[in-house]
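Participant: Here it is: the structure, laid out below.
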Amino acid sequence: MAAAAQLSLTQLSSGNPVYEKYYRQVDTGNTGRVLASDAAAFLKKSGLPDLILGKIWDLADTDGKGILNKQEFFVALRLVACAQNGLEVSLSSLNLAVPPPRFHDTSSPLLISGTSAAELPWAVKPEDKAKYDAIFDSLSPVNGFLSGDKVKPVLLNSKLPVDILGRVWELSDIDHDGMLDRDEFAVAMFLVYCALEKEPVPMSLPPALVPPSKRKTWVVSPAEKAKYDEIFLKTDKDMDGFVSGLEVREIFLKTGLPSTLLAHIWSLCDTKDCGKLSKDQFALAFHLISQKLIKGIDPPHVLTPEMIPPSDRASLQKNIIGSSPVADFSAIKELDTLNNEIVDLQREKNNVEQDLKEKEDTIKQRTSEVQDLQDEVQRENTNLQKLQAQKQQVQELLDELDEQKAQLEEQLKEVRKKCAEEAQLISSLKAELTSQESQISTYEEELAKAREELSRLQQETAELEESVESGKAQLEPLQQHLQDSQQEISSMQMKLMEMKDLENHNSQLNWCSSPHSILVNGATDYCSLSTSSSETANLNEHVEGQSNLESEPIHQESPARSSPELLPSGVTDENEVTTAVTEKVCSELDNNRHSKEEDPFNVDSSSLTGPVADTNLDFFQSDPFVGSDPFKDDPFGKIDPFGGDPFKGSDPFASDCFFRQSTDPFATSSTDPFSAANNSSITSVETLKHNDPFAPGGTVVAASDSATDPFASVFGNESFGGGFADFSTLSKVNNEDPFRSATSSSVSNVVITKNVFEETSVKSEDEPPALPPKIGTPTRPCPLPPGKRSINKLDSPDPFKLNDPFQPFPGNDSPKEKDPEIFCDPFTSATTTTNKEADPSNFANFSAYPSEEDMIEWAKRESEREEEQRLARLNQQEQEDLELAIALSKSEISEA
């Protein structure tokens with residue numbers, strides 16, 4: 001009872017108010033205790049046998065007081081519920097979840113015990129049955145049955161818990177076919193209404209609720225009944241129609257079943273609790289015994305409806321209704337005596353069996369111990385053999401490990417030696433890494449500025465792309481006209497040959513008549529020169545400069561960068577180039593001076609720069625293609641374009657502040673490593689052509705017929721003495737900027753090649769000019785050594801932007817200031833920027849000259865770049881031929 005005392009009333013009742021209701025029925029005076037007579041009368045309504053009820057009473061009244069308090073009465077109710085659900089009647093079953101107990105009550109058929117007669121009236125009244133049938137018909141049954149889907153909404157409308165509705169469905173579906181007929185539906189609705197009236201739903205269907213059509217016959221077959229009747233007649237010696245316990249004791253014990261099971265069968269069959277069995281009850285008892293012996297089926301705790309003898313079905317309901325409220329648990333004295341004897345025999349039997357079991361367990365234990373010891377000895381022997389084999393293997397492995405140890409020690413020495421070398425290498429690499437990190441920080445700053453410049457250029461590129469798109473739109477109507485003009489071009493070929501001869505003749509005559517019509521600084525209008533036939537050849541040679549003008553802003557900070565013609569190869573005589581261009585312009589102007597047709601390619605002068613102030617040059621009045629043949633004469637057939645000296649003109653660096661220094665940075669040098677024996681030792685002009693160190697890429701420079709030194713303003717007249725690069729006799733440059741860009745707002749502007757080193761009056765007027773030869777892009781200078789290369793310089797798309805020989809002082813954001821080591825000049829002292837005298841020891845320091853591999857790499861890049869430029873020039877030549885053809889076609893149209 002200690003376990004029961006620990007349980008509270010809520011735990012015992014599982015929160016069900018039915019337990020409290022039952023207690024109020026017994027303890028009507030609310031005294032807090034229940035007498036034995038009241039408890040016996042109430043517990044008899046459960047329908048359990050007296051033996052089970054007596055056991056329940058003993059478990060509930062552990063103190064033997066003869067009364068029960070509220071908690072003890074709840075324990076008794078809980079044990080009754082366990083017995084009704086087939087569980088063991090013990091205190092350990094109190095913790096199991098069971099439905100509330102069921103007791104007989106005339107007011108509710110749900111609380112009637114499982115024992116019921118076949119003749120019992122159906123609990124569903126006729127008027128209720130009619131109402132339930134109407135609901136059944138409204139649900140449209142199929143073949144007299146309703147499926148669960150149709151019954152489910154009706155049950156859910158009751159608002160009952162789902163578990164209660166599930167139990168109602170299981171109880172009403174008697175044949176378990178998943179559907180309900182009329183009688184089963186009536187049972188379901190009856191249970192729902194009872195549940196709505198707060199009556200508990202039973203765990204099993206009471207016999208009174210079983211429809212008459214579903215009730216079964218008696219379990220004892222007629223053949224068995226006849227056989228058991230013969231045994232009954234032999235046993236009933238007094239011939240009173242009943243047999244007592246003493247009369248059937250020997251027959252029951254001969255079956256070999258336990259006495260407790262026989263007593264349970266006796267209590268089930270003695271439905272009237274009179275201590276005797278009738279003929280039908282005796283047949284039922286033997287039927288239960290035979291079921292246990294043959295099929296092993298245990299007798300139920302409560303008789304099912306089909307087990308109740310037919311003779312007892314009619315009188316059972318009357319006995320239940322009219323039963324006395326007071327009952328005695330030991331009413332049958334003979335049964336008690338028999339039970340006591342059975343208990344004594346069972347106790348003695350249990351003691352003997354216990355002793356025998358203990359001895360058998362001892363024997364088994366000893367045998368098991370011996371067997372375990374034998375197994376252990378066998379295992380140890382096996383383990384010993386394994387260990388010996390392992391010992392041999394380990395010894396062999398140990399010998400191998402000793403050899404490996406010696407080898408590893410030698411390898412360790414070598415590895416340590418290598419580690420020392422690697423550590424030394426790592427230290428040197430760390431030092432180099434530190435220097436590289438500092439350079440990287442510098443490069444990152446330069447990269448940020450370069451990105452800003454890139455964004456600006458990208459914006460300008462977008463604007464230029466829009467202009468190109470608009471130009472393409474204007475070009476589309478001309479393409480159709482070009483197809484028509486190509487046929488005319490073939491007919492013009494012969495005419496062009498005649499015009500070339502006439503052009504050469506006119507150019508010589510016009511040169512004499514217009515000696516002052518030369519180009520100054522290349523600042524002339526594109527429209528005034530576009531009609532010249534010599535311009536077509538120049539356009540092809542300066543396609544790179546034209547592309548640079550289109551991709552960069554019109555006004556540049558450095559004059560050298562704004563003009564793509566400032567870096568031609570030194571092999572061209574600038575005076576001859578200038579005079580040739582001027583001659584072509586003059587000849588075309590004279591031939592077309594009186595033409596009255598309008599030039600279709602003429603651009604409004606308001607969008608261009610002003611022409612050269614010469615009254616003889618009329619660039620805007622006539623069509624250059626009318627009246628003369630620009631291809632009549634060959635401008636390259638008579639004059640050698642390589643006959644002039646590109647350095648014979650004026651000094652273009654005289655206006656720079658760097659070249660106006662009063663001191664000579666090379667004057668302090670005692671000896672000039674580049675000077676000859678004396679000034680008079682210059683052998684010939686041809687020798688100087690081959691020895692010119694300033695010729696780009698080592699190409700041959702045309703000999704100069706002038707004695708002027710364009711570098712005299714920078715290095716002085718006495719720095720080199722006589723011999724190599726003596727430019728002391730060169731004249732001073734004019735104050736005009738020779739690198740001024742000649743740009744125009746027109747997209748098709750082209751800058752004509754001009755000699756930036758030439759003064760305006762150097763060339764003789766009598767000498768006829770010649771057109772300049774095709775000038776390639778100047779060879780780029782040799783790259784710096786690998787350790788001193790500039791990333792910006794190598795990655796820059798403009799090869800002249802960072803290595804411009806004509807830019808004396810870079811700006812504040814120049815890479816030279818950010819990394820002076822990369823951009824150092826081997827010919828300049830470290831203190832040049834402070835205008836101090838140069839250190840002679842640092843002059844011409846070639847210690848940092850690139851290696852042969854760098855020279856090969858540089859030559860490879862130069863070769864690739866020149867190939868790209870050659871292809872670009874070919875494309876430009878094709879474009880110019882197209883434009884020339886269009887111009888010729890337009891001129892033919894205008895003449896017509």
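Cβ coordinates come from backbone N, Cα and C, glycine included.
Under the heading domain 'EH 1', Swiss-Prot lists 15-104, citing sequence analysis as support. Feature annotation from Swiss-Prot assigns domain 'EF-hand 1' to 48-83. For 128-216, the entry in Swiss-Prot reads domain 'EH 2'. Residues annotated as domain 'EF-hand 2' in Swiss-Prot: 160-195. Per Swiss-Prot, the feature Ca(2+) 1 binding site maps to Asp173, Asp175, Asp177, Met179, Glu184. Residues or ranges marked as domain 'EF-hand 3' by Swiss-Prot: 223-258. Marked as domain 'EH 3' by Swiss-Prot on the basis of sequence analysis: 224-314. Look at Swiss-Prot and you will find 262-292 tagged as domain 'EF-hand 4'. Annotated compositional bias 'Basic and acidic residues' per Swiss-Prot: 585-599, in sequence order. Taken from Swiss-Prot, the feature phosphotyrosine covers Tyr849, and the record attributes it to a large-scale study or a structure entry. As annotated by Swiss-Prot, domain 'UIM 1' applies to 851-870. Summarising the annotation, Swiss-Prot assigns domain 'UIM 2' to 877-896.
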Participant: Out of 15-104, 128-216, 851-870, 877-896, which stretch has the largest tally of CB pairs under 8 angstroms to the domain 'EF-hand 4' (262-292)?
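Facilitator: Between the candidates 15-104, 128-216, 851-870, 877-896, the best contact partner of the domain 'EF-hand 4' (262-292) is 15-104.
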Participant: May I ask for the residues of the chain that lie six or more residues beyond the domain 'EF-hand 3' (223-258) and have a Cβ under 8 Å from a Cβ within it?
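Facilitator: Residues 266, 274-279, 282-283, 285-287, 289-290, 292-293, 332, 334-335, 338, 346 contact the domain 'EF-hand 3' (223-258) from elsewhere in the chain.
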Participant: Identify, in sequence order, the residues in the chain of Met179 (Ca(2+) 1 binding site) that are 6 or more apart from it along the sequence and have a CB within less than 8 Å of its CB; answer 'none' if there are none.
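Facilitator: Listed in sequence order, they are Phe145, Leu146, Ser147, Gly148, Asp173.
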Participant: To test your reading of the Ca(2+) 1 site: which residues beyond Asp173, Asp175, Asp177, Met179, Glu184, same chain only, put their Cβ within 8 Å of the Cβ centroid of those residues?
Facilitator: Phe145, Ser172, Ile174, His176, Gly178, Leu180, Asp181
Participant: Would you identify which of the binding-site residues Asp175, Asp177, Glu184 has the most other C-beta atoms lying within 10 angstroms of its C-beta?
Facilitator: Glu184
Participant: Counting by DSSP, what is the helix, strand and coil composition of the domain 'UIM 1' (851-870)?
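Facilitator: The counts are 19 helix, 0 strand, 1 coil.
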Participant: Can you count helix, strand and coil residues in the domain 'EH 1' (15-104) using DSSP?
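Facilitator: Here the numbers are 52 helix, 6 strand, 32 coil.
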Participant: With helix taken as DSSP H, G or I, strand as E or B and everything else coil, how many residues of the domain 'EF-hand 3' (223-258) land in each class?
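Facilitator: Split into helix, strand and coil, the domain 'EF-hand 3' (223-258) gives 23 helix, 2 strand, 11 coil.
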Participant: 10 Å Cβ neighbour count around Asp173 (Ca(2+) 1 binding site)?
Facilitator: 19
Participant: Under DSSP, is Glu184 (Ca(2+) 1 binding site) part of a helix or a strand, or is it coil?
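Facilitator: DSSP call for Glu184 (Ca(2+) 1 binding site): helix.
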